[in-house]
Structures are given as structure tokens and as C-alpha cells.
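J.: Quick one: this structure, given as C-alpha cells, is what I'll be asking you about.
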Amino acid sequence: MAMVVSSWRDPQDDVAGGNPGGPNPAAQAARGGGGGAGEQQQQQAGSGAPHTPQTPGQPGAPATPGTAGDKGQGPPGSGQSQQHIECVVCGDKSSGKHYGQFTCEGCKSFFKRSVRRNLTYTCRANRNCPIDQHHRNQCQYCRLKKCLKVGMRREAVQRGRMPPTQPNPGQYALTNGDPLNGHCYLSGYISLLLRAEPYPTSRYGSQCMQPNNIMGIENICELAARLLFSAVEWARNIPFFPDLQITDQVSLLRLTWSELFVLNAAQCSMPLHVAPLLAAAGLHASPMSADRVVAFMDHIRIFQEQVEKLKALHVDSAEYSCLKAIVLFTSDACGLSDAAHIESLQEKSQCALEEYVRSQYPNQPSRFGKLLLRLPSLRTVSSSVIEQLFFVRLVGKTPIETLIRDMLLSGSSFNWPYMSIQCS
């Protein structure tokens, strides 16, 4: 009777998924044959040596299933039953499960470095570069994007390894597949919307909400510029939007920037008492007829009313993020390549808001409806009035739509030639 002795296994072998002693023909044959007596007799007959049990650490000791097999890989050339698993990012040989997915050492290290250092990359092409063994180092932006899309977890880098059975809301939100309904998906989607905010709300609120803090015209114009920048930065980092064609991104933001600006102004409690002062200064620089002055001041009043009505609802940060996503993903924009897809993204955002409101405000059954009813009114605020009120001193006659296009194409909201604002 053949006697099978389990070989000693170094813990490092489980981590690396390999055998430090290197592949051994006898060990490979024993592993591939499952330790059957018939194959062992054939080995002995072929070698002319009797079978002798080997001790731990002896070269050529038969490996037990679970060393390389636990990582989904085995030594090259073996006829093993273990399946070779590729890196889900680049297709290279996986070294195990890292941050929720099977990846190679290179992609594991790249993802960990990118998350820990909070690195930001820029794609020089169309944000759809091929990521494989030969091209993975050519575009860091697309490589990180693919890491997130296949489900690698940022939280696992920051907090240590997470159990594989734990759901990953970010993976659901970043997958352009069939719509996933359910609280887990929706709450994960909202968390990604919130994470995309470039600045904490308190950064504005701490300055704007202090009653004794008097802000000058220049400060208000700078704050307005920051609100516009934050809208573009937020959109560029939320789920689904970066995957759209750049022409669609430009079309959506050019149509909705003023609505996003009003939402941001309400969210940061922008001091609206200075609006008449801004108007007076603007009218002094560019005189208008009496009729135009009346119309202009009426539009300022509408802007103030919309902001105050939003503030009266005490909208929280998650609700603001959902409202902005509903506004942004509108199929009303001209020239969209796939209007139906944009509309489906708007429905996703609306469902997320409804689920959130029902779970967080169960005693306010009409809250969801009140929030949605505020959105059509945002379009009553004239974008040209916002432009003339807050931005004419900074950018002159350059249209805001042109600035938005340049921001998206340049990959940075703060490196543009029209003005210089320090956003430290």
C-alpha cells in the first residue's frame, strides 16, 4: 500500500501562492494524479527506484492541495486540477485575491499606491485606453478606472482586508449593466455621489453662515467661482458620468450648470443679501435702460427665492447630491449620443433619493415630493443673470459654457487661462 505524507508548508507560500523550492516533476505528477497508487507505481517503474516517503522540507516532497490551489493557481506545466486565474484588471497571472478581486502583484501595488496617496491621474486620450499586460503602464487613469470598475475596494486599502462575503456597493454603482434595485445598491450609489464632492460643505458654510462675517464683492465672486468649479469637479467624479462620451458630458453641463449652481449656493448658504450690491456694481459698470434694470432685479429676486426655498426644506448633503444627479442626467440636452441611457441614469438617481428619504425621514411622507417639486423651478433662474451677476468681473465676456467645455477637455478645473483663483 502506498503511503501519502503531507509535506510541510511555509506560511509565505500561501501569501505568494508559490513553492520556494520550485516545481518538481515527482510532486507535479503526484498532484496531478491525486495521489493514486497506479500512477505512483508507474513513476517508480519509470525511475527504477522504490517509493520512499519524504520528510518535511525535503526537495521534491509532494505538495498538498491548498498551497497554490488556494490562490487559484499552480506551478507551470502541471496537469493540475486547480484552475489558473487571471488578473481581472490586466489579464496577467493572478497572485491571489487583493482588495476584493483576483489581481496580479503589479495591479495590487498600483491600486494600493493610488488609494493611499490619493493620487489623481489624467487620460491623454478618450478615457477608454486598453488595459492588458502590454499596455497597463501606459495610462494610469484608465488603469485605476478599471480597478474600480471590476470591483477593487478602496475601503480595503484604508482599513485592511475585508471579508469576501461583504457586499461592495461601489462595484454595483460603477457597473454599466442592468439596473440593480435594492437598498444596498442605492445607499452605495449615494455614498459615491457624496465622495465626489470636491470640498466639504463646511468649507463654505463656516465662512458664509457666520452672521458677523461681512464678505466683500470680490469674496462673493470668488465663492461663486468655487461653486461653479465644484459642480464640474463633482460631475467628473460621480458614477457613470466619466464613462459618457466627452461631447455628452459637455452638453449636459452646458445645459444644467446654472441649476447646479443654485443647488450649490443653497447648500453652502451663500449670503444672498449682497446680490443687490453686486447688481448695483454691475449696472454701474454696464449701464442699462430702466426696463432692463427692472427685469434684471426681478431675476435676482427669483434667484434669491429659489435658494431660500431650498434652505427652508433643510436639505441634507445626501439629498443635495441626489438632486444634483437628477438635474445633471437630463435627456433634454441637445445632441446626446444615447438619450435613453441618460434618462435611465436620471431614474437611478431619483430612485436612490426616494429610497434614502423614506429610510431617513419616515415621519415626513411628503418630503420626497417636495424635493422633486423644487427642481423645475430651478430653470426659472436665468443663467445669463447668474453669469452677469457673479462672473463678469472674473471672466469678462467669455461665456460660462466655453469655460465648462475647457474645464472638461483640460482635465482640471483650476488650470485655465481666464482667471487665477487659489483653492488651497
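Each Cβ is built from the backbone N, Cα and C atoms, and glycine gets one as well.
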J.: According to Swiss-Prot, zinc finger applies to one of these ranges: 87-107, 192-212, 297-317, 360-380. Which one is it?
T.: 87-107
J.: In Swiss-Prot, one of 123-147, 148-172 is tagged zinc finger. Which stretch would that be?
T.: 123-147
J.: Near the zinc finger (123-147), which residues from the same chain, at least 6 beyond its ends, have a CB less than 8 A from one of its CBs?
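T.: Same-chain contacts beyond the flanks: 89-92, 103, 106-107, 110-111, 114, 242-243, 246, 411.
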J.: Give, as a single whole number between 0 and 100, the mean pLDDT over the DNA-binding region (84-159).
T.: 86
J.: Where DSSP helix means H, G or I and strand means E or B, what are the helix, strand and coil counts for the zinc finger (87-107)?
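T.: Looking at the zinc finger (87-107) with DSSP, the answer is 3 helix, 7 strand, 11 coil.
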